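*Asks:* Feature annotation from Swiss-Prot assigns domain 'ABC transmembrane type-1' to 16-217. Look at Swiss-Prot and you will find 16-36, 64-84, 100-120, 145-165, 195-215 tagged as transmembrane segment.
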Amino acid sequence: MSTLWADLGPSLLPAFWVTIKLTIYSAIGAMIFGTILTTMRVSPVKILRTLSTAYINTVRNTPLTLVVLFCSFGLYQNLGLTLAGRESSTFLVDNNFRLAVLGFILYTSTFVAESLRSGINTVHFGQAEAARSLGLGFGATFRSIIFPQAVRAAIVPLGNTLIALTKNTTIASVIGVGEASLLMKATIENHANMLFVVFAIFAVGFMILTLPMGLGLGKLSERLAVKK
């Protein structure tokens, strides 16, 4: 056990810190892009509705692993897209990290969009009609009346999406991002006789990340619940 901890201990917190950074950056990007997709999805412009619907349905039904691999092999290795300076000594590490974040954003934003759309469906259509009767256009109505209520109603599904994103960050290891699951794999290879102990350590680590998140968002949902 002491040998295991001597190998694992110094790397454990840095690996989970990478997981946390992946989650935070991806969540921010997914919220922004997901909001854009939602706006397009409910837009009166047919082409925008068609494009957003096609994107959401396509990406939601594509395995996340393929999306991340596409960002790495398709965008970087085939098209030459880089998200870090080549002159940097940490180019490969930074580039793989940012490509993973991009993949998570592209994928998770579709679930954010659907969560927000479910929130929009809870807003009585009469409010939009009343806004239009007062001369407000789609943009003003959506921004000032519909969207704020939709966010409040969608906190629980958005929270579930965030928790799923935290667990999905383990897929970043397929392109060499040094997050928690990559460390777990390396540790198991070096300490196969401690398999269940290693699993337990990393399971507890992810529970520490996700349980407070779920409880906090549940409390927030109760406080901000839309009163019927």
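Glycine residues also receive a Cβ, built from the backbone N, Cα and C atoms like all the rest.
Give me the local environment of each listed feature.
*Replies:* Through the fold, the transmembrane segment (16-36) approaches residues 97, 100-102, 104-106, 108-113, 115-116, 147, 161-162, 165-166, 169-170, 172, 177-180, 205, 209 of its own chain, all at least 6 residues removed from its boundaries and within a Cβ separation under 8 Å.
Residues 90-91, 94-96, 98-100, 102-104, 106-107, 168, 171-172, 174-175 of the same chain lie 6+ residues outside the transmembrane segment (64-84) yet bring a C-beta within less than 8 angstroms of a C-beta in it.
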*Asks:* List, by number or range, the same-chain residues at least 6 past the transmembrane segment (195-215) whose CB is under 8 A from its CB atoms?
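*Replies:* Distant contacts of the transmembrane segment (195-215): 1, 4, 8, 12, 16, 19-20, 23, 159, 162-163, 166-167, 180-181, 184, 187-188.
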*Asks:* Give residue numbers and ranges for long-range contacts of the transmembrane segment (145-165): same chain, 6 or more residues beyond its ends, CB-CB under 8 A.
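*Replies:* Tertiary neighbours of the transmembrane segment (145-165) are 23, 26-27, 30, 35, 38, 42, 104, 108, 111-112, 114-120, 122-123, 127-128, 131, 136, 210, 213-214, 217-218, 220-221, 224-226.
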